[in-house]
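Visitor: First the structure, then my questions, so here it is.
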Amino acid sequence: MRPFKPPAAAAAGSVASRLAPLDARTVKAGFDPLTCRRNLHFNFLISSGRNDRAREVFDQMPEKTVHSLNRMLWRYSRSGNLAAAEDLFGTATCRNAVTWTIMMGVAAAGGRDSNAVSVFRDMLRDGEAPDHVAISTVLNVPGCDVASLHPFVTKLGLGTSLVVCNTLIDAYCKQGFIAAGRRVFLEMPERDTVSYNAMMMGCSKEGLHREALGVFAEMRREGIDTSQFTFSSMLTVATGMVALHLGRQIHGLVVRAGSAHNVFVNNSLLDFYSKCDCLGDLEQLFREMTDRDNVSYNVMISAYAWNRCANKVLQLFRKMQAIGFDRWALPYASLLSVVGSLPDIEIGKQIHAQLVRLGLASDDLVGNALIDMYSKCGMLDTAKTSFANKSEKTAVSWTALITGCVQNGQHEEALQLFCDMRRIGLRPDRATCSSIMKASSSLAMIGLGRQLHSYFTKSGHMSSVFSGSALLDMYAKCGCLDEAIRTFDEMPDKNSITWNAVISAYAHYGQAKNAIRMFESMLHCGLYPDSVTFLSVLAACGHNGLAEECMKYFNLMKYYYSMSPWMEHYSCVIDTLGRAGYFDKVQKVLDEMPFEAGPIIWSSILHSCRIYGNKGLAKIAAEKLFSMTPTDATPYVILSNIYAKAGRWEDAARVKKIMRDRGVRKESGNSWVEIKQKIYSFSSNDQTNPMIAEMKEELERLYKEMDKLGYEPDTSCALHLVDDELKLESLKYHSERLAIAFALINTPPRTPIRVMKNLSACQDCHAAIKMISKIVNRDIIVRDSRRFHHFKDGVCSCGDYW
């Protein structure tokens, strides 16, 4: 049988039908048939992802359209071949707004934010008018100066575009300029779901939960549809406010809106229940989720780590491996963060070894997590090695190491790293700002702190509520309470961290009434206190001997806010009750504690026993501390002094002998002052200082004036078992007195003197410095290991209660 062969007429009709569309395109484009066929073939190759073959066809085109150029650039951008995109762009002769927009995206995708902004500037210089897509693209670049670009957007007539306005709100909020974002939001002629979501997300990320809640309420009143991002923002608000009831209401809205099976929304719910310590609700929701991704497991792993469920953490991680998650999707960075929070260096090393074996140790996110993990585990040298081994060190990498140095007490090194980071041209972010402010406050370098304040103001970071809170904390810890309060008053936006910082500042200065006033103001503003808030309030009560108020706020925390007190909260309560002499109540609190008392508790009890000479309880507390902190000399010294004060010299000598036999050495008293941005350190009875003769002469002059005012040295603060002359001599040259004498010699009259001390000030030094402040007519601020003492006109801010 012969194969079927259609008639000639039919065959001709078939060819004509195939050529007709081609001829139409040819006529429309004005190209010859060959060019049009190449374009069709080129588009087919682009759509199928065959980049190399598409480029060959593109290069062979006798007439290249801007449309074909854009298609080729877009394909390179999507496939990650950024270098090829840049080469092609450089040789292109015809470009339009779309071309420039694609290249902005290419530069941003390569992590070169400044290059993306430069491309936008080149576009303007080339005479190409940007459209709303180009404007939105450049606004989304992290390095974009939104404030300077905004007027230009208005001039272009795009200031009322819904898409552009939404992008402006988002860009302002991401850079911490919430007030500017809110102004754009209020001036918009129309708003949609994206507008409200951007405003809510901005407020919630900055901790402005009450404002975010107000935006959500307005959104509901206006009848604007909610989305998964709306629910995510509101759950962030509920988490920040520790408002379990609000979170459950949002959960109900999620169910009613039909989003109960949306993995993104469910992950936000998991995060909410995790951070509200609702482990039961968390596990139930996780079990009920029909769809889970790596974020779901990440949240569960973090929640189990927070609740010290190490076995469940490892079980979930192994389950992820067994399910077959791609190795890049496995939460190694989260797991390393968990290990650092435990901390458990052995598990950390095992994970590190696995990362090396899988070839993932060089990943940027994982590398930064390794630096963070080793720092939190106290292995700073290994963290530095991980940092040095990174092929590309981003701002996040530098910030991780700077934070690690601060956490491990290497504050000078943190400052040096910050200088190195700036020297190579990397721009610090607000996390860097916060860490470096902590380094400055720990060193009590107010001059450096003011320089940092100026730098971060110029770089635009001080508009962030988190940076402002770090600045407030820095001024407070450097002994500048007035500047700390001024910073608080000038902050346009405040969150719970800000309020915690100002309450803590008042607490450390012994101003309990102001601390409590701020606490009540915080509640009045609609913010919810957290565990840190109550810790500061309890400490303030303790520093002023307010035992009744202390118990009031402790019970408020437990029974009204349903918070489980930490060991530190119990320590504050026990310290306050003990220092007030209520040892029966101390015993009651000890009995009610849900965990065994730790060193911080027994140390508080021992200090209270020193005040009241409670030898029996002091012995029990000291023996507990001997076993818990065997290298700490403090309990030996306090117990010995209690015995000596009671005239039980043999018992005092026995405690000193035990201390010597165990090789425990008392930490020497050290003080330091900052003068002209340089730190000067002093130790008690230091004879090596080059200015020791001048300092002694200055102190002798002051002692003569003090004698006239009736000063009598308290020899109970001096060495025991030595003669009275040696006792008096040892008191004269305690480290804080040498520091004050040095400052008096080297600073202008009437300027404040700020002294930092590693130990608690003794009673005799406290009395002496009160008189010195009156004689020299200067404010003297001393920060010891417990609190601040502000001496002025012969009076101390602590009211002689410390």
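Glycine residues also receive a Cβ, built from the backbone N, Cα and C atoms like all the rest.
Positions annotated as domain 'DYW' by TrEMBL: 710-802. Annotation comment: TrEMBL describes 96-130, 161-191, 192-226, 293-327, 394-428, 464-494, 495-529, 632-666 as repeat 'PPR'.
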Visitor: Counting only residues 6+ away from its ends, which parts of the chain sit with a Cβ under 8 Å from the repeat 'PPR' (394-428)?
Guide: 111, 143, 364, 367-368, 371-372, 374-376, 378, 380, 383-384, 387, 435-436, 438-440, 442-443, 448, 456, 459, 461
Visitor: Per DSSP, what is the residue count of the repeat 'PPR' (293-327) in each of helix, strand and coil?
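Guide: Counting residues per DSSP class in the repeat 'PPR' (293-327), I get 27 helix, 0 strand, 8 coil.
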Visitor: How about long-range neighbours of the repeat 'PPR' (96-130): same chain, 6 or more residues beyond its ends, C-beta under 8 Å?
Guide: 66, 69-70, 73-74, 76-77, 80, 82, 85-86, 89, 137-138, 140-145, 156, 394
Visitor: Could you tell me what the rest of the chain brings near the repeat 'PPR' (192-226), counting residues at least six beyond its ends with Cβ under 8 Å?
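Guide: Distant contacts of the repeat 'PPR' (192-226): 162, 165-166, 169-170, 172-174, 176, 178, 181-182, 185, 232-234, 236-237, 240-241, 246, 253, 257, 464-466, 493, 495-498, 525-527.
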Visitor: Do we see three or more Cβ pairs under 8 Å linking the repeat 'PPR' (161-191) and the repeat 'PPR' (464-494), pairs being at least 6 apart in sequence?
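Guide: Yes, the stretches contact each other.
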Visitor: Taking a Cβ cut-off under 8 Å, which residues six or more beyond the ends of the repeat 'PPR' (495-529) line up next to it in the same chain?
Guide: 206-210, 240-243, 465-466, 468-469, 472-473, 476-477, 481, 484-485, 488, 536-537, 539-541, 543-544, 546, 549, 553, 557, 561, 787-788, 790, 797-799, 801-802
Visitor: Taking residues 6+ outside the repeat 'PPR' (464-494), which of them lie with a CB under 8 Å of any CB in it?
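Guide: That would be 176, 178-179, 206-208, 211, 430, 433-434, 437-438, 440-442, 444-446, 449, 452-453, 456, 501-502, 504-506, 508-509, 525, 752, 754, 781, 783, 788, 790.
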Visitor: Roughly where does the repeat 'PPR' (495-529) sit in mean pLDDT, to the nearest integer?
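Guide: Result for the repeat 'PPR' (495-529): average pLDDT 91.
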Visitor: In the repeat 'PPR' (394-428), how many residues does DSSP put in helix, strand and coil?
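Guide: Split by secondary structure, the repeat 'PPR' (394-428) comes out as 26 helix, 0 strand, 9 coil.
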